[in-house]
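Here is the structure we will look at, set down as structure tokens.
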């Protein structure tokens, strides 16, 4: 259940109550594709840096180790030793982005595994069953992610199919939640708005799925190559047509400036691989924007990554030392930078929540964008 606590302009401060705890929103979800953050970061680390929600990937976990294995181990929470909320995506994005050979039919999608090439089928019911086996807190509906740009006629047909799939997802989840051997029989379902960059298709789809009384609503199919202006235009078009008493999730968006702009438009949930991926390559976020620690100017820099930061890396190590670790190809380098970036993101969201609580979010946003100077 979502409770709106405060608004600052269109920015929303809320609480989302789940079977695994209350999520303070706006929130950034840390992406652990295979039930782990790439960069040697553990679930204990995530708690220490203030992570509220972990996101795992249905497609990848279905292939390895297999959702049946996870179910036999008691579900994702026990499997990865994490007692806070977990969101699993439906696998739809990976089916359409990773699989070179796929066939879309009304019942679902036939595709080839990106690991060994074997033929696999996934549809709404299969996605729900896999996510039920994983026993995540929040399951995402199975949808079709169209390429961007795509012909209008195809997008219209795709959105209609995604709506039919959403009804099937809801029916199947209700069935699964009623079974005696279901680990989490209070699993929640978020629907996904699609429609490419066509505002009218997006709006009509938002109105349609808003009537389904789901636990939350996501805006999908963005951050896939369109301009930031197009992204903001679609968010502006869609958000007013989604229920105000449900959380709104902007899928796959994680550039800090994009997060600020989306919060300013009423978005509550975010996720992205960016902080971990950048950290693994020595790109770290600071109050003054993103920097590359491999640059020669940091060789003798005795400052922490970001002065004033309370993450484990900044409290104990210098830029010079971490740069040396990267040059020496030590795994500790990746770990420290991933920890720092994840802390930066979770701290950013805490500052955003405080700014909305204090009704100064607009001023906060403008100050941060000026400080970053287009570098974040």
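Our numbering is plain: 1 for the first residue shown, then up by one each step along the chain.
Cβ from N, Cα, C; glycine included.
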Task: Given ranges 271-275, 276-280, 281-285, 286-290, the stretch to which Swiss-Prot attaches the annotation region 'RNA binding' - done: 276-280
- [ ] Quick one: which of 143, 268, 301 does Swiss-Prot put in the substrate site with 89, 90, 91, 92, 93, 194, 221?
- [x] 143
- [ ] Choose the correct range: of 252-258, 259-265, 294-300, 308-314, which one does Swiss-Prot annotate as region 'RNA binding'? Give that range.
- [x] 252-258
- [ ] Name the one residue among 324, 340 that Swiss-Prot lists for the same Zn(2+) site as 309, 311, 314.
- [x] 340
Open item on the list: If I restrict to non-local contacts, at least six residues apart, and a C-beta distance under 8 angstroms, what lies near residue 194 (substrate binding site) in its own chain?
Closed with: 143, 144, 145, 146, 155, 158, 159, 162, 202, 205, 220, 221
TODO: With DSSP as the reference, give the number of residues of the region 'RNA binding' (276-280) in helix, strand and coil.
DONE: 5 helix, 0 strand, 0 coil
- [ ] Can you figure out which of 271, 309, 311, 314, 340 (the recorded positions) comes closest in space to residue 90 (substrate binding site), comparing Cα atoms?
- [x] 271
Task: Winner by Cβ contact number (other Cβ atoms within 10 Å) across the binding-site residues 91, 92, 221 - done: 221
Open item on the list: Spatially, which candidate from the binding-site residues 309, 311, 340 is nearest to residue 89 (substrate binding site), comparing Cα atoms?
Closed with: 340
Open item on the list: Please report the distance from the Cα of residue 91 (substrate binding site) to the Cα of residue 311 (Zn(2+) binding site), rounded to the nearest angstrom.
Closed with: 32
Open item on the list: Checking the spread of the substrate site as listed (89, 90, 91, 92, 93, 143, 194, 221): what is the longest Cα-Cα distance, in whole Å?
Closed with: 15
